[in-house]
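These notes concern the structure reproduced below.
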Amino acid sequence: MEKVNNKKPLETAVERNMARRSTSSDQVNRRTIYVGRGNMGQPGTAKFPDNTIISSKYTIWNFVPKNLFEQFRRIGNMYFLMIFLVQVIIDSPTSPVTSGLPLFFVITVTAVKQGYEDWCRHKTDNVMNNEPVHVLRGPQVCTEKSRDIQVGDIVRVEQDETFPCDLVLLSSDRQGLCHLTTASLDGETNLKTRTALPQTAHLSSETRLSSLNAVVECILPEPDLYRFSGSMVVIRDCSLGEGGPVDRSAAQPLEQDSLLLRGASLKNTKFIYGLAVYTGMETKMTLNYKSKTLKRSVVEKSMNKFLLVYLGLLVLMALISTLMQHFWYGTLHDYTPWYRDMNKSHLGVWKSLKVVTDFLAFMVLFNYIIPVSLYVTVEMQKFLGSRFISWDPALAEPQTKEPAMVNTSDLNEELGQVEFVLSDKTGTLTENIMVLKKCSIGGVKYDYEDGKLLPSDCMDTTDGPPLNSPPLNTSLRDPCCLIRAAALCHTVHISECDEVDGPLGGRQTKRSLPEYYASSPDEKALVEAARGLGVIFLGSDNHQMTLDMKGDEERFEILTILEFDPIRRCMSVILRQPDGEIWVLSKGADSSILPKVVSGELQKTQKHVDDFAMLGLRTLCFGMRRLTQKEFAEIEECLRVARTARTDRDRLIEEAFASIEQQYHLIGVTAVEDKLQEEVPQTIVQLGLAGIALWVLTGDKRETAVNIGYSCGLFSRDMVIHSFTSEHPDGLRNAEVALGLISPSELINGVQDVQATNKRADTPHGLVIEGSCVAKLLSDRPRLQAVCQRVSVVVCCRMSPLQKAEIVRFVKELPGSPITLAIGDGANDVSMIQEAHVGIGIVGKEGRQAARNSDYAIHRFRQLRRLILVHGHLYYIRIAELVQYFFYKNVCFIAPQFLFQFFCSFSQQPLYTTMYLAMYNICFTSLPILVYGLLEQHVPYQLLEHSPHLYTDIANNSWLALPAFIYWTFLGVIHSLIFFFGSYLLFNPDSGLVPSGETHGQWTFGTLVFSVMVITVNLKLALDTRFWTWLNHLVIWGSIAFYIISSFILGSYLWPMFKRKNMYRVFEHMLIAAPTWFGASLLITLCLLPDIFQHALRRQLYPSATQRAQLEEASYRSARKSKLRMSNGDRRDAEQSVPLDSITAAMRWDGTAHSCPRV
């Protein structure tokens, strides 16, 4: 936009005033934008960024240093780098290649992966930044690249196009009204309405917009998609002519309903003009591209503890070797051998330095006890393993086949350690498909059936609502008063193609009825019910709503809308009726509306609300208030001041809303049904059998929450339910008495629940907590923790989003620090999803904000059973075995190296050649455990899903607990002793074992130890593998074959790249020696035979539930194979074979029978 130089005095004064305000202390959190001027010549404002999007992390210049810096921030990588540098600096016993090559491999693989991902981000950025956009330059619209948009530009967007930056709507082809979809931002597919200020809504042409002169103040960029506030001062526009400016100095408020977010798409509107307020990296969409809070799984924490233990062992071995070396040379022999003699004058200094260098040399020699490839293997296992969740058809949406989403792969194994599930109700346990079932009007209950309102009381003779209803203020007992309120008090809109110019009258058909779009299923259900009752909402624009009443069209002027928020728990509209009267219509939770009622059938309605809640119905109360013109003028000014305030804006708006939403005439209450999802009770039962406690956190009232608890099986009829609400402040005390935590005599003021205390000790107990009491309860955490650990079920009602997060945090802090999982489907569940150890989002009717902010996203609550009991179980088993196996095979690898020092005078001589040191963890033993970590199924999917008690076998991180860690470490030590001393006895240095009579040297001895070790550790994994695929066979036998082939190649030629030629024909000589084949087979058998016996005896004497399942599943498979081999004459015996369903049914409810000690 070209800058206007000829300013009028008023314009100059206003701009000076705005500039002064922008630099004042209370304007630190706001920005000032001059319409159409871009960044140049704007007083008091800083330069804003252009519209370039940069989602990449690296450039071609900084990739190498930045990536290396990020990788070496990891303690493991830094440790191995230090080891490598020590090898380079000192006289190292091993080649720097042995540490440098594995480290280089890990760093390179990670860098290539991150580089490729960043290259893909660069390509996406280039496409987005070079997209053509239409920008107003002077009186013409020019086509430019998206990256060239500046703050203050006026941008034209046409139908179905995506908004290129965050815009404030100025005008459109529909008098300042437009529709959009934010599916790419929050997943909500319903259409949303945005409106322009009346001062700019009529500027729908380039010529009129080119002379617009205005100043906008708004908040600084922030990631909250649903928060925006600001103000606009229109100084001059062309529609007023050039003959003198009009005073527009009064600031007009800008709200969220005027903001068009980058990434949203324009729908049902031909074109709009918008003012760019946030561009490039400051748009809300871009600010939401941030990493979630880092969550660390229990496996990762255990792995870090193991690393510290082995680091301590490494230091201990190096210290022992250093002391023994100096004892050997300093006491028993001369301090230095003759070939290391030096000038005596330097001996004192050299002794001190040698202690340090020897210690570092031993650290280098034994550093392989900490596996360098563990990190990259775990990352690959998590990343590739998470694909199985997305590929599982049982977790896909049944109709659309949309797969489950994995937003993070770092918590796969955490799904196998869940102890508490904290669930939302609406849309998570229920369908979130609302249907009006009942209502109460003027103290009379009605049932809604087949488009009619029928009195629930058979003694009541009230007919259905009259279609030609009186005005809102004439009869509050009139059913149509509530129907019209439901048809007017909402933010529903209809598709443009469904809009009707005139009344439908008696010519209504299914084709002509409008299709409604709403962000709230409750609102849509009520508007559709009103349509079924003959009160048809025909649509709305910037200024009015239109209803059709059986041919009579009524238009209501929209004066203002007070949007719903979870704190107020209500929404309101202020309308002017055709007769000129002004009314406030409000709907919301009974806790929000009923306390503000001054007239109406309050007591009857309250009872009806409780009755509806007992039926599990969701209730909304409706109230109305008449305003005089003077009252409305005061309210309008109050709202304008609050919405344009620069400080304490939220508080002022809250106070303004409170002054409006009061002194209601009670219209009535609606009750909509939200059915339970399929298999919710069965899923809850199976989670309970798996040892997982379920808490429900909902915003519904107590009666509704309790009724849903009974419906889904959380509460049983013999359960004692303790309530801690504003009406029952002593509920916690009564629960303590009933659970035996305190004696009745300790009760304050003698308050006691006699019925509870008389119950038997084994009676199940449940606890209901109201949101208004959360703060009081959390202030006394020890008492609440004691009660919550004793009760079977906890239901929290009337909870706000932050209270849900507080409850999750409270559960995480229970004794034992249990693993929590939070699941929900709405934006109000995001806080608790992010707070829990594992967050699950439901892709549902309330949009995808919960799914976007979760760790995993599924489509139905019943899929949680498979996600936890199957995928969580298997992922934990796989990665726990992977971690333990990695440390086991490295103990096997390095313990013989330590033992060898006792036979070489602690001279730091390595037992293995350089190639073996470098390739052991990378080539010879890495792939088999990776494939095991991806594919292992120790129990079939079907058996895991229908035998929830198997989940208890892996509870409390049992596979990575101290006993399991000691077992695997002890196993590695025992095997290493067999490797070393068995080979030593076979290859005695004084015995001639080849036809020439020559004796074998150190390298042949070390090669035999290494050969037995490689074969043993791979066969050990083969013994633990229960689910064999062609890939398992390939990597296990392939790794052994690769070792043999590479050893032959290494010794077949004097390779010039190796400084030492000590391996020439060593492997060949070892194989032709007489004891090699027999001795190696004997050593391998000695290592694996105890493991085989241990597994067999354990299965026979004290099998775990998992082992019982394996045996029964193996019996089933054997019987099935026998059945297939049977001849036709033996079918009778085949028919007696046990099907798999019978096995799972027999095991399903017998979790205690299979419990046993864990090793």
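Placement of Cβ uses the backbone N, Cα and C atoms for every residue, glycine included.
Annotation source TrEMBL lists active site, 4-aspartylphosphate intermediate at Asp424. Annotation note: Asp424 (active site, 4-aspartylphosphate intermediate) sits in a coil segment as assigned by DSSP.
Taken from TrEMBL, the feature Mg(2+) binding site applies to Asp424, Thr426, Asp825, Asp829. Close to Asp424 (active site, 4-aspartylphosphate intermediate) in the fold, though at least 6 residues off in sequence, lie Val696, Leu697, Thr698, Lys804, Ile823, Gly824, Asp825, Gly826, Asn828, Asp829, Met832, each with a CB less than 8 Å from its CB.
What TrEMBL records for Asp424, Lys425, Thr426, Glu523, Phe564, Lys587, Arg618, Thr698, Gly699, Asp700, Arg798, Lys804, Asn828, Asp829 is ATP binding site. In this view, Arg798 (ATP binding site) is surrounded by 23 other Cβ atoms within 10 Å of its Cβ, with every protein chain counted.
According to DSSP, the secondary structure content of the domain 'P-type ATPase N-terminal' (45-99) in residues is 27 helix, 0 strand, 28 coil. Sequence annotations record features per position, and here TrEMBL assigns domain 'P-type ATPase N-terminal' to 45-99.
For 129-193, the entry in TrEMBL reads domain 'P-type ATPase A'.
Taken from TrEMBL, the feature region 'Disordered' applies to 1-25 (among others).
The region 'Disordered' annotation in TrEMBL covers 1113-1136 (among others).
The number of other CB atoms found within 10 A of the CB of Phe564 (ATP binding site), across every protein chain shown, is 19.
Mean pLDDT across the domain 'P-type ATPase N-terminal' (45-99) comes to 80 in this model. Arg798 (ATP binding site) sits 12 Å from Thr426 (Mg(2+) binding site), taking the Cα positions as reference. Residues Asp424, Lys425, Thr426, Glu523, Phe564, Lys587, Arg618, Thr698, Gly699, Asp700, Arg798, Lys804, Asn828, Asp829 are listed as the ATP binders, and the farthest two of them sit 24 Å apart at their Cα atoms. Least crowded of the binding-site residues (Thr426, Asp825, Asn828), judged by neighbouring Cβ atoms within 10 Å of its own Cβ: Asn828.
Comparing Phe564 (ATP binding site) with Thr426 (Mg(2+) binding site), their Cα atoms are 17 Å apart once rounded. Secondary structure at Asp829 (Mg(2+) binding site), taken from DSSP and collapsed to helix, strand or coil, is helix. Its Cβ placed at the centre, Gly699 (ATP binding site) has 24 other Cβ atoms within 10 Å. Mapped onto DSSP classes, the domain 'P-type ATPase A' (129-193) shows 8 helix, 37 strand, 20 coil.
Gly699 (ATP binding site) and Thr426 (Mg(2+) binding site) have their C-alpha atoms 9 Å apart, to the nearest angstrom. DSSP assigns Arg798 (ATP binding site) to coil, not to a helix or a strand.
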